[in-house]
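*Asks:* Feature annotation from TrEMBL assigns region 'Disordered' to A:1-21. The transmembrane segment annotation in TrEMBL covers A:35-54, A:98-119, A:131-151, A:180-203, A:236-254, A:285-307. Taken from TrEMBL, the feature domain 'ABC transmembrane type-1' applies to A:94-306.
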Amino acid sequence: MTKTAERQRTATAVPPVPAPAPAGDRFRRRLIDQVRAYGFLLGGLLCFVLFSWYPAIRAVVIAFQKYTPGSPPQWVGTANFTRVWHDPDFTAAWRNTLYFTLLALLIGFAVPFVLALVLNELRHAKAFFRVVVYLPVMIPPVVSALLWKWFYDPGAGLANEALRFVHLPTSNWSNGTDTALVSLVIVATWANMGGTVLVYLAALQSIPGELYEAAELDGANLLQRIRHVTVPQTRFVIMMLMLLQIIATMQVFTEPFVITGGGPESATVTVLYLIYKYAFLYNDFGGACALSVMLLLLLGAFSAGYLRLTRSEGDTA
Amino acid sequence: MTATRTLISPATLARPRGRAIYWTVFTAVVVLFALAFLFPVYWMVTGAMKSPDEVARTPPTLVPQHWHTGAYTDAWDLMQLPQHLWNTVVQAAGAWALQLVFCTAAAYALSKLRPAFGKVILGGILATLMVPAQALVVPKYLTVADLPLLHTSLLNDPLAIWLPAVANAFNLYLLKRFFDQLPRDVLEAAEIDGAGKLRTLWSVVLPMSRPVLGVVSIFALVAVWQDFLWPLMVFSDTDKQPISVALVQLSQNIQLTVLLAAMVIAGIPMVALFLVFQRHIIAGISAGSTKG
């Protein structure tokens, strides 16, 4: 603070008297300014051009090509799309991805919200809860995936041990065709919930206490207060997180790759996993890019919805 | 800290019944959190300390009968963990440094230097936020494998992590938004004092931007350390792989206790970082997200 004050004082003490520059000089000055500005901008800009914009355009181009690294690409029209479309894994991958997203919304959405609601009421050990709930987020996803793969082990896995402990029938978890996807959703929720809980907590804390007081004076009970005060007050954050979560879970890869390898019987093949398979197992980059374009369009639509939401709410808030 | 009014009124909580319910719920949540979040971690750490027979036993033992540390030393030696950890450190540190240099410079230019087409460029950068990164990994991989014009391949080179990491629209936008809020007169004062643009950035802007630089640094480090799909694609050479990729590749044919020990070791750096900076990280997430 004192430093800036000092600077300002010296600035006013020696008033700069810029001489009116001739037109040619001004143009040169501006040119120099631009060159300097682009000097600062260049490194970052180049990386965006190379690794963001160019690949995005290339995805669309290669989607219509037969592309083998090292040899000139050939245009094949929509052949990549039709080939991918007729792959039996295609339907499975989209169904699994959408189902995964839906389940992740149901579980990975309701659980953190309820948890945040309860945590917000607790007046002790606040820091402890926040640290503990965020701990799994900081564990590398690969480690969480491997850890849960071990828990789901049909032999000495902890998941079945827990079920046996409370005398429930054991499950096949990630090894059963009908339970595999849910098992993966549990892992993803466990690993990512911390961030969601923290954001909800922040939103809950911004609710003015008078609203609850007024509601209570009007005779609203606990559930009514949640319904008519908490939910409307946090609706924007809820919607925002929901969209972000859809976008994130539609790109799920690590859990199916590490835990199930897409199995059993393609029960956990996701779209991104299929893209990976096309590129690195089948060496079919055209097919991989065709799939990428489809995923891109769908997620782009969600992102656009997200942006519109934040914009409109930002204006009214 | 003043107690702000939440769902339950302080008056309700003060009553004996309210207090009893509060402490019941409190205990339940503590137990739930311990079981759900701490116990899996405990199970992993102690699982690595059991003998191979004991890990496979049903019903399992809650505490290892004998504490072995052999799995940890085995993991360290057999799985070449020092090598992979070092690879990860190099990749993360480089990505962090390049991001700080190039994102800061670019954000400064976009915020204060008014480059021509600055708005268009910013729009283009923000548009990449809408394009989910993972959906573009394949064309990105093809680009990295054969850079346009230069026709060199960055595969199996840390540059393949470092350079794409710079194209981080989120961090750049975070920096730009922070620079936008810096008072203009301070920067002008520096210029009148004779400081060039670089000097102004270095000795005026950056010292004022410590909080945002901290947040960006943590995001940058965590992102590289946690990433899996991209390094999996880029590093086919086993000796160059970061720890996350190496763990999965080696998990197939290694003894369970050794794998568990390796997992623990792989998790330690990030968890340690979190425990040290937990206050800042948690505050950053809470603050950043509500502002949109």
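Each residue, glycine too, has its Cβ placed from N, Cα and C.
Automatic, uncurated: that is what TrEMBL annotation is.
Since we're looking at a predicted model, the values are computed, not measured.
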*Asks:* Residues sitting near the transmembrane segment (A:285-307): Cβ under 8 Å, six or more positions beyond its termini, same chain?
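*Replies:* Counting only partners 6 or more residues beyond its ends, the transmembrane segment (A:285-307) has Cβ contacts under 8 Å with 56, 58-69, 76, 79-81, 83-84, 240, 243-244, 246-247, 250-251, 271-272, 274-276, 278-279.
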*Asks:* Sort out the residues at least 6 away from either end of the transmembrane segment (A:236-254), same chain, that have Cβ-Cβ distances under 8 Å to it, and list them.
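*Replies:* For the transmembrane segment (A:236-254), the list is 97, 100-101, 104-105, 108-109, 113, 141-142, 145, 184, 188, 192, 196, 199-200, 203, 270-273, 276, 295, 298-299, 302-303, 305-306, 309-310, 313, 317.
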*Asks:* Taking a Cβ cut-off under 8 Å, which residues six or more beyond the ends of the transmembrane segment (A:180-203) line up next to it in the same chain?
*Replies:* 96, 99-100, 103-104, 107-109, 111-113, 115-117, 119-120, 130, 133-137, 139, 141, 144-145, 148, 152, 172-174, 233-234, 237, 241, 245, 248-249, 252, 255-256, 259-260, 263-264, 267-268
